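> Quick one: structure below, then a few questions.
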Amino acid sequence: MNKTLLARDQEVVWHPFTPLKNAPQPLVVKSGKGIYLTLEDGREIIDAISSWWVNIHGHANEYIAQAIAKQALQLEHVIFGGFTHEPAIKLAENVLSVLPPGQNKVFYSDNGSTAVEVGLKMAMQYWYNRGITKKKVIAIRGAYHGDTFGAMSVGERGGFTAAFSPYLFEVNFIDFPTSANQDEVYQQFEAIVESEEVGAFIFEPLLQGSGGMRVYDHVFLDKLIKKAKEKNVVCIADEVMTGFGRTGKWFASDYLENKPDIFCLSKGLTGGTMALGATSCSSEIVRAFESEDVMKTFFHGHSFTANPIACACANASFELLSKKSCWENIQRIQDSQLRFKEQMTGHPNIRDIRVCGTVCAIELDFKGQTSYFNKSRNHIYNYFLEKNILLRPLGNVIYVMPPYIIEERELEEIHNAIGEFLDTI
Ligand SMILES: Cc1ncc(COP(=O)(O)O)c(C=O)c1O
């Protein structure tokens, strides 16, 4: 008898962030269109989280698909050392045209973690090439920057990193800033940067993603960056999640007066269709690498660096995102999320509800402390799947992060389902 896809999957596939025992079985997806995923059994599910926060224009977007097909028939891949091509050049021009002024060059990699890894390595080698010892790195508690060793080092140390802790480099963490502890956090930051040794400060601007969709004050972040700049600390904005319209502007750093030196980008870069990472940096950083000394080269790259199909895909996504109608949608989603927040504020089962651009996070007052490992997670996840809505809570934090093409009635359907759920617990 032919085995089902699910049975074959369970025999040979290892899924990310998924225990190998007692985990719910994965759902087999046959196709996607717009905000909907169609399962093998014909069920249609609303993708309310843009499939790991990447899919900004909806699934199987025809414009993007055509750009991919055209590029695949023209040039599918070429070694990017010693060769270049139009899709990569055009994408760097596109990205630099919307990043805050002062960004000068784009370095490509494969995903969010590698975009961060490149950002950290650029900052470290910037000091190395200049012959200056500035080894300390500052990060914010609760951060998630990815799963490579550098990215893990600057992320929250806990369940995700425990097995690797002996191998992670030392990082100075400051507390996550809230309205209650800003003075204290500023003092922590000041005390660290006052030492001569600090080379880099990395942060998720405005919104910490995996750490629980936690929003913090951009004015406070501005103050930290200002202080960092006074002390010549390279500021690295991890905009892997916040980039490309998520927070209501092209980049979360657009809300800041003091601009970061390095930007790490991925996820929405290709409209969530193909794997691609990009790290941009200022001319000040570039200058430290412009040397006759070959040992000052940035010795980093990947087999698929600047893959032409991924770059063409990103250029198509960029064109869609540049349309006025797309920004109208972003604004509409933001307004709708704010209305929902207003409506739900004060609900007895909500500990906190917050909106940052197109993202709304609802922290439930449910089954103990707020944490990724909160026991309510599977219950919440299954509840919404049964209602044909994909919401993937971070422990007891439900968040809605839809593709920008979602219609108002569809967003209302998600909001209503959350409202009903809150009334059942
Ligand atoms: C802020 C941030 N940085 C980096 C990453 C890592 O990206 P990737 O999963 O593509 O490696 C993520 C992923 O969720 C993220 O949210």
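Including glycine, each Cβ sits where the backbone N, Cα and C put it.
Remember, it's a predicted structure, so these values are computed and weren't measured experimentally.
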> Let me know which member of W14, W52 TrEMBL also records as binding substrate at the site of Y144, K267, G301, R392.
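Only hit among W14, W52 in TrEMBL's substrate site, alongside Y144, K267, G301, R392: W52.
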> Taking D47, D238, D365 as the options, which does TrEMBL list with G112, S113, H302, S303 at the pyridoxal 5'-phosphate site?
D238
> Just name the winner among K267, H302, R392 (the binding-site residues) by count of other CB atoms within 10 A of its CB.
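Within the set of binding-site residues, the most crowded position is K267.
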> Measure from the Cβ of W52 (substrate binding site) and count the other Cβ atoms within 10 Å, all protein chains considered.
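I count 14 other Cβ atoms within 10 Å of it.
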> Let me check the 10 A CB neighbour count of Y144 (substrate binding site). How many other CB atoms are there?
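For Y144 (substrate binding site), the 10 Å Cβ neighbour count is 25.
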> If you check the binding-site residues S113, D238, G301, H302, S303, R392 one by one, which have a CB less than 6 Å away from any atom of ligand 1?
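Those binding-site residues that pass the cut-off, since their Cβ is under 6 Å from ligand 1, are S113, D238.
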> Give me the Cα-Cα distance between G301 (substrate binding site) and G112 (pyridoxal 5'-phosphate binding site), rounded to a whole Å.
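About 14 Å separate the Cα atoms of these two residues.
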> Among W52, K267, R392, these being the binding-site residues, pick the one whose CA is nearest to that of S303 (pyridoxal 5'-phosphate binding site).
K267
